[in-house]
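Feature list (source: TrEMBL):
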- 43-63: transmembrane segment (TRANSMEM)
- 75-94: transmembrane segment (TRANSMEM)
- 106-127: transmembrane segment (TRANSMEM)
- 175-192: transmembrane segment (TRANSMEM)
- 201-221: transmembrane segment (TRANSMEM)
- 233-253: transmembrane segment (TRANSMEM)
- 274-300: transmembrane segment (TRANSMEM)
- 320-344: transmembrane segment (TRANSMEM)
- 372-391: transmembrane segment (TRANSMEM)
- 477-497: transmembrane segment (TRANSMEM)
- 503-525: transmembrane segment (TRANSMEM)
- 537-587: domain 'Cationic amino acid transporter C-terminal' (DOMAIN)
- 562-582: transmembrane segment (TRANSMEM)
- 624-646: region 'Disordered' (REGION)
């Protein structure tokens, strides 16, 4: 017995790298669409789900804070920069959402393309993103109502309960925010279609109010307000614009709820890309125009950070607009909260289904077809955070996990686009290095060749550098190096700005070297053939659009403060404990044919306390071929000099 267990432990540690890098295998065809969740959402529902999740606290609360304290009128540029970054990431999400109609969003995409460990990291951060997102919006909702009531709620709370004297907590326990989280979690428990109808109605009201704000704001706006105190359009400089963009990015994070709805969409291959494009376009223009209207109406120094828009219209004497904005703000923050509480339990469900977190989180209520247990846990966790923490700390903490998720999704798009097809199970003697021809049926003249991940003939001069790699491997390595050097470049800019302005040679040389390596990585990627098999939506200009997304995301991460990074590291340490103590051993991707039972005696193998949870056998994704006599022919490896003959 002890000897067998020593072998088991040795097997675990010897194969840990393989386990961390294993990828999720999906069934093809109709099996991918099978789900215990209810496929009832159309394109309109999903579009308004994304819009509602994005247009909330960002436009009614965050706009005032960033304009007054970080960017001034330059908040317009901050929203443009954050919007471009988000749109680039959204395109990557859209391609994956069309490829993989499953809940879990970036987590599932990373699991399929990069590997299990990075998928867990992303999933763990998505949980953080939506949990903090729900809590921050609930806190903003409560603060907004309190501001409109002249602070009576906070004053009564402090008088009856007292203040919290820890620096990393809020000033007082926010009971109203706690109750708001619990109430909306209960609303989502009645079913996805019913909650989608409520979300759509509230979002339409919010969009109407936003249009009213833009029209009246530009009508009463004055250009001289963009030069308050003679400090110009950028009173905090361009660094303030970038810092503002890192915070404004919080306003766009809701678009991944569109991808999360993939397992409940009626036609995900169409609805996910269309909903992503429509919602991102509408929200980006809305944020830019509203921030412009606000800074034109009121000098940035006079903006009320807690209730910017209502107080701005109150200064203009337009009290009726103030009340309309209040209605829109409450509707918008409600839909944002609903979006976060919608996405969070579904990500937990996807991870539990794969065995990476506890199995009871993968249960679906048969009546409502909603992960009710996850929803209860999500609501309680978000409500507790909203009860104790301040809005500003929550927003910064949320952004870092979101930016990391977007970075890895953008990298995954490139990796998967250049990965060759999996060999068909019937051709066991054919490796992934081979090229497959779909021979035509009688009377059909065209045929298709899969060259994904292979070097293009025009770039054969790179053969000595990447010729030793299997198809797709060189691209994966190039993407990894590009991402690492992007991080080095952004942090180099962030920490050595003063030296660069003084013309220090080592800073210039460092920038040139880092940029040269990044450009060479893009050249290596461009030199390979793409695999576009079965894609209904594709990110344009791959690898350049995902590469820009990686660079912009990393740049925004570099502008977050050190305390945010320290909090993030604590969260990641907790996640790594969960993965290495539970997830890696219970993953459904464990190979049951070579698991721990083969190291045991027959009597020990029947015991379930050792080894992983048995998992259903999955079938690799394969391409369907036309049937016909002799229609399946494998072309020999590219390094084979012999010709095939009949």
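Each residue, glycine too, has its Cβ placed from N, Cα and C.
With a cut-off of 8 Å between Cβ atoms, the residues of this chain six or more beyond the transmembrane segment (201-221) that come close are 48, 51-52, 55-56, 59, 282, 286, 289-290, 292-294, 296-297, 309, 312-313, 316, 318, 321, 324-325, 327-329, 331-332, 334-335.
Panel annotation: around the transmembrane segment (43-63), residues 75, 136-137, 140-141, 143-144, 193, 196, 199-200, 202-204, 206-207, 210, 247-248, 250-255, 257-258, 261, 265, 267, 270-272, 274-276, 278-280, 282-283, 286-287, 290-291, 294, 305-309, 325, 328-329, 332-340, 342-343, 391, 395 of the same chain, lying at least six beyond its termini, place a Cβ under 8 Å from a Cβ of the stretch. Highlighted: of the candidate stretches 75-94, 274-300, 372-391, 372-391 has the greatest count of Cβ pairs under 8 Å to the transmembrane segment (320-344). If you take every residue in the domain 'Cationic amino acid transporter C-terminal' (537-587) and average the pLDDT, you get 86. Packing against the transmembrane segment (477-497) from elsewhere in the chain are residues 239, 407, 411, 414-415, 469, 504, 507, 510-511, 514-515, 517-518, 521-522, 524-525, 543, 547, 550-551, 554-555, 557-559: each is 6 or more residues past its ends and has a CB under 8 Å from a CB in it. Across 75-94, 106-127, 233-253, 372-391, 503-525, the stretch most heavily in contact with the transmembrane segment (274-300), judged by Cβ pairs under 8 Å, is 75-94. Away from its own ends, the transmembrane segment (503-525) comes close to residues 414, 418, 462, 465-466, 474-475, 478-479, 481-482, 485-486, 488-489, 492-493, 496, 543-544, 547 of its chain (Cβ-Cβ under 8 Å, at least six residues beyond either end).
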